[in-house]
2 protein chains.
Amino acid sequence: MQVTNTIEKTRELVNNWKKEGKTIGLVPTMGYLHEGHASLIRRCREENDIVVVSDFVNPTQFGPNEDLEAYPRDFDRDSALCESIGADLIFCPSPVEMYHDPHAFVSIDTLSDTLCGKTRPIHFKGVCTVVSKLFNIVKPDRAYFGQKDAQQLAIIRKMVLDLNFDIQIVGCPIVREEDGLAKSSRNTYLSCEERKAALCLSKAVKKGQELIRNGITASEVLEPMCEIINSEPLARIDYVSMVDALSMQPVDSVNADVLVAMAVYIGKTRLIDNFSYEV
Amino acid sequence: MQVTNTIEKTRELVNNWKKEGKTIGLVPTMGYLHEGHASLIRRCREENDIVVVSDFVNPTQFGPNEDLEAYPRDFDRDSALCESIGADLIFCPSPVEMYHDPHAFVSIDTLSDTLCGKTRPIHFKGVCTVVSKLFNIVKPDRAYFGQKDAQQLAIIRKMVLDLNFDIQIVGCPIVREEDGLAKSSRNTYLSCEERKAALCLSKAVKKGQELIRNGITASEVLEPMCEIINSEPLARIDYVSMVDALSMQPVDSVNADVLVAMAVYIGKTRLIDNFSYEV
């Protein structure tokens, strides 16, 4: 497995692989890899000749009061995990390698106005820009994203369609701890007590999955979910919403494919979870 | 020479050429090709195995009161010209092929705030988005742009740098009529009288080129240029400005590479011209 820190060196490797006719899969990550990432890398390994993992905590997707500085990092552990799964390359650039005097950007309207985009107004502009950059650097045939960041996945799919990236976007299921908590690098922020309280998210998801059916109203699904979360003293709801699976706009009832998504603060830690439903 | 109207068919041709290891050059145009475009296509022909010309009047770069409907079109003449120069493909999509329910976009700050961007606030967002789309569809090794749209060229260069497109941007000199008027598809709008009046742009450019030298102030260059234009009754200045060649921000004097650019209405027709100066 190779490790690159520069765009130039990465491009050189990529262009050689391309010349040899090899297919390339990309797993974009912010590092501190967990089983969720591992499942993406494994899927990527199965489907491509070359597996590239990018490991970059992208500063432009963090707001001024968010956890950029605190975001956990452990490159040696990430590297060992990637190697064990058989990745060919980790691309691990510095912020200054990725951004010097940046002016051009990629963004998306409407889909980024709801859910996490409401609380994190610059987040998806940062995501779209860095993912576009990674696409242009790594030139993958396929790129792998987790369903846990469901709005991100919907936005990337729409961006790829609108900007005509010739890349297949593969969405992969949420990976959970044994007790149900969705795997997240941010789970490391939780105290022992908070870790228990955080179960209210996956319990609410389970409740919503039990209730949802064609034609049901949003409030009939969301209210019992909110009750579960609100009964947990350490939890504070940011949002619990039902949106159209493509447009990310709120819906009143289940008449087309929907996403039911939530963001909940457990103490100071903001966690997300969701489920999708196809009519 | 082939003609394609769909993204899918274009992609298929492009991906086959790529597999054969051929280099691809792209000349993005809005059609109604003149000698300026021809010079780009010839240069592209010299430097690449495959020459692709895109012929698309991009609606998203026109403001609501601009000349989208009136913009001249003549595909048969364009096609004959491209064939005569030895182009391999004209990509000529419909607006609906390029845009269905578009939400993602590419834009650039700062560089797009001055000069034409001031008068045409959505113009460069439209340009950046359509050029990004064309880059992703045609996957060129090199793309050719005229120096006449100098701000566009500077913005595309910066976009390519910021978003890491692996594409060499080639800027080509302004092509002029015998009497000096810069070639433009919009020259066709000019009446006989306006055509004569339009010479004030190239005369002002010539005056500016005579005056400019290291250390000279902007007003020492721009005022005599404005005098020439203002002495023409049919002309109305939109802007005549000196800006830094990279940042497109106004400068007070010539201490680094600069662009001296103008937009002038001749009757209802808005024409542009410019020159660059390297210290």
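Numbering starts at 1 and runs along the chain as displayed.
Glycine is no exception: its Cβ is also placed from the backbone N, Cα and C atoms.
Caution: TrEMBL annotation is automatic and unverified by curators.
The active site, proton donor feature in TrEMBL is assigned to B:His37. Taken residue by residue with DSSP, B:His37 (active site, proton donor) is part of a helix.
Annotation comment: TrEMBL describes B:30-37, B:146-149, B:Val175, B:183-186 as ATP binding site. The Cβ of B:Gly36 (ATP binding site) lies under 8 Å from the Cβ of B:Gly146, B:Lys148, B:Ile174, B:Val175, B:Ala182, B:Lys183, B:Ser184, each on the same chain and at least six residues away in sequence.
The beta-alanine binding site annotation in TrEMBL covers B:Gln61. Counting only same-chain residues six or more apart in sequence, the Cβ atoms lying under 8 angstroms from the Cβ of B:Gln61 (beta-alanine binding site) belong to B:Ile122, B:His123, B:Phe124, B:Lys125, B:Gly126, B:Val127, B:Val130.
B:Gln152 ((R)-pantoate binding site): 23 other CB atoms within 10 A of its CB, across all protein chains. The annotation (R)-pantoate binding site is assigned in TrEMBL to B:Gln61, B:Gln152.
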Query raised in the report: Roughly how many angstrom lie between the C-alpha atoms of B:His37 (active site, proton donor) and B:Ser185 (ATP binding site)?
Result: 10
Report task. Could you measure between B:Leu33 (ATP binding site) and B:Gln152 ((R)-pantoate binding site) for me? Cα positions, answer in whole angstrom. Result -> 18
Report summary line: Cβ atoms other than its own within 10 Å of the Cβ of B:Met30 (ATP binding site), all chains, total 18
